[in-house]
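Here's what Swiss-Prot has on this protein:
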- 79-110: repeat 'WD 1' (REPEAT)
- 138-169: repeat 'WD 2' (REPEAT)
- 226-257: repeat 'WD 4' (REPEAT)
- 408-609: region 'Disordered' (REGION)
- SER441: phosphoserine (MOD_RES)
- 452-465: compositional bias 'Low complexity' (COMPBIAS)
- SER454: phosphoserine (MOD_RES)
- SER456: phosphoserine (MOD_RES)
- THR517: phosphothreonine (MOD_RES)
- THR529: phosphothreonine (MOD_RES)
- SER573: phosphoserine (MOD_RES)
- 578-590: compositional bias 'Low complexity' (COMPBIAS)
- SER579: phosphoserine (MOD_RES)
- 618-650: coiled coil (COILED)
Amino acid sequence: MSGKFVRASKYRHVFGQAAKKELQYEKLKVTNNAWDSNLLKTNGKFIAVNWNASGGGAFAVIPIEEVGKAPDQVPLFRGHTAQVLDTDFDPFNDHRIASGSDDSKIGIWDIPENYKFHDHVDEDGEPIDIKPVKFLTGHARKVGHVLYHPVAENVLASSSGDYTVKLWNVETGKDMITLKHPDMVTSMSFSYDGNYLATVARDKKLRVWNIREEKIVSEGPAHTGAKNQRVVWLGNSDRLATTGFSKLSDRQIGIWDAFNIEKGDLGGFYTVDQSSGILMPFYDEGNKILYLVGKGDGNIRYYEFQNDELFELSEFQSTEAQRGFAVAPKRMVNVKENEVLKGFKTVVDQRIEPVSFFVPRRSEEFQEDIYPDAPSNKPALTAEEWFSGKSVEGPILVSMRSIYDGSAPSFHEAKRPQQPTTQETALEEKKEQPKVEKPISESEKEVKQEAPKSPSPLKSASSSSTINHVLKEDNSINKLLKKSSDIDQVNNAEDPSRDTSGWEEADDEPAPIKIETPVTPTETKKDRTPKVEPSKELKPEPVSIATDRKQEQSLPQEEKSSEKTKSPEQEKSATPPSSITAAKTAITASSKEEPSAARTSPKSLGLKKSVEKLSTLVLQLEDVVDKLTKANLDKDERLLKLEQKIGELSK
């Protein structure tokens with residue numbers, strides 16, 4: 001994903017660490033139900049786990065601090081008549097939790113203030129089960145997933161086997177909004193501001209809904225594999241991440257523009273491996289890190305998300321596979337130990353193992369760069385306000401510094417990101433830095449140079465006509481040719497287009513001069529000087545200013561040498577500087593080449609110097625033409641995409 005080179009990132013050394021055995025939760029009875037859910041949920045104070053209970057469905061709630069072995073008889077949250085499939089904590093009430101069940105009901109539960117998992121018993125020593133506060137009814141089939149709203153309190157989303165997603169006012173118990181799907185929803189995720197909901201269903205399609213309008217904003221095919229898919233909204237952005245499978249059962253990750261799913265995933269699917277377990281995605285908005293937890297394996301991969309690309313950071317490996325995983329809110333991490341994620345995984349359906357991820361730093365001060373403000377437990381809206389149409393830009397944020405200092409928490413409203421996230425801006429950013437985030441190997445570069453993408457006819461015609469127009473308007477080549485002609489006249493050179501440079505007796509001497517044209521570091525041409533054919537046409541193209549200045553500086557020196565050259569002895573001393581100037585470099589001729597150059601006749605030297613200059617110009621012009629061609633093709637590609645976008649917006 002990021003190639004085999006080392007990226008500069010402050011999260012490059014993030015590592016995962018499992019808790020010691022004495023800090024784990026043991027002797028648990030995790031459900032063996034095959035329904036695809038995370039099995040665990042946590043709010044940083046409690047852990048909810050779907051329980052393998054008889055006589056109807058139930059789940060257990062474990063306070064974080066009550067580690068160790070569970071007693072034989074534990075208090076359970078009972079009330080459903082069938083298996084509990086999913087749970088979710090209220091983000092604005094640490095003692096409120098919702099559950100979805102196979103009995104088509106949604107249970108709302110309150111955790112008692114004095115609740116203890118190990119010692120919540122009556123006078124006879126029997127565990128006291130907790131009853132639901134209310135049931136929400138309205139689904140016709142099992143409720144597979146429940147999810148609380150991130151901004152408004154008492155707003156709950158639920159997906160069911162009746163192919164619908166319902167939005168509930170928990171306080172009144174009414175289903176206010178129903179989003180109908182053609183198949184069962186397997187995963188859903190709210191946007192940062194809570195106005196949109198992303199869903200993936202068994203029809204293999206990804207959808208983004210404007211919830212209160214009950215309309216699909218964007219829709220398109222996602223992963224092609226037969227197994228369930230997952231979706232997560234990537235924080236305060238308009239990007240989504242999905243996990244799924246290809247037709248060949250490769251596990252994949254996809255990045256999407258939430259409001260333009262039709263154009264496909266951004267940059268192609270990332271192939272992870274060929275394991276059979278579903279990848280559970282968790283996104284950390286504060287650090288821009290996407291964690292992928294494999295269901296049925298012990299690996300947790302994590303990637304940094306930047307500029308619509310994922311860059312692999314590392315992988316937490318374990319020999320003990322997990323079926324369930326839960327992540328605590330960011331405000332619950334250990335700030336003093338530079339913990340960036342607090343997670344919990346199930347192990348062999350009998351144990352819950354805490355897993356934390358850390359940024360290794362020695363400083364004992366507050367690390368402000370890795371701890372931006374995080375969502376708090378304060379709601380930004382009430383249920384009535386949200387259902388009536390009121391919106392905010394995001395949840396109420398709490399300062400992580402206040403948590404570090406132990407002072408009174410400071411809150412403020414979330415704001416939209418400063419960078420514009422429109423499609424045009426995203427395309428421009430990717431065009432300006434195409435090789436910084438996803439570098440291309442040398443072999444791929446060679447393939448691209450040999451067989452570039454064939455542009456559309458419109459693009460090709462536009463680019464060629466643009467280049468021709470630019471070349472016709474540019475008069476710099478005429479000036480350069482005039483300078484070259486003046487130099488030839490100064491050195492008494494013959495016109496190379498005329499066949500008058502026959503061999504003379506003086507030309508029969510052995511060891512002719514061999515002048516090589518040095519190539520500047522930016523040039524990719526061969527070192528040897530190619531032959532110049534009289535019939536070759538030079539395409540007009542701007543040449544670097546540095547070359548012009550060097551040639552202008554060489555002119556007065558050569559004029560003086562030609563005026564003072566009265567005898568062969570004086571001409572011998574003037575020849576090496578002029579040949580070096582013609583080569584436009586600072587490389588000095590060797591002592592062996594100087595005598596042979598001095599023995600060459602003035603006429604042949606002048607001709608060779610003009611050939612040398614023309615050869616250098618040809619190489620430079622070819623290089624500039626290549627660069628101009630590439631730049632114009634890139635420009636036309638951007639213009640074409642802009643036109644397509646304008647056309648879509650105008651419809």
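The backbone N, Cα and C atoms fix where each Cβ goes, glycine too.
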Helix, strand and coil residues within the repeat 'WD 2' (138-169) as assigned by DSSP: 0 helix, 19 strand, 13 coil
Number of helical, extended and coil residues in the repeat 'WD 1' (79-110), per DSSP: 0 helix, 19 strand, 13 coil
Residues in the repeat 'WD 4' (226-257) grouped by DSSP into helix, strand and remaining coil: 0 helix, 18 strand, 14 coil
Integer average pLDDT (0 to 100) for the repeat 'WD 1' (79-110): 96
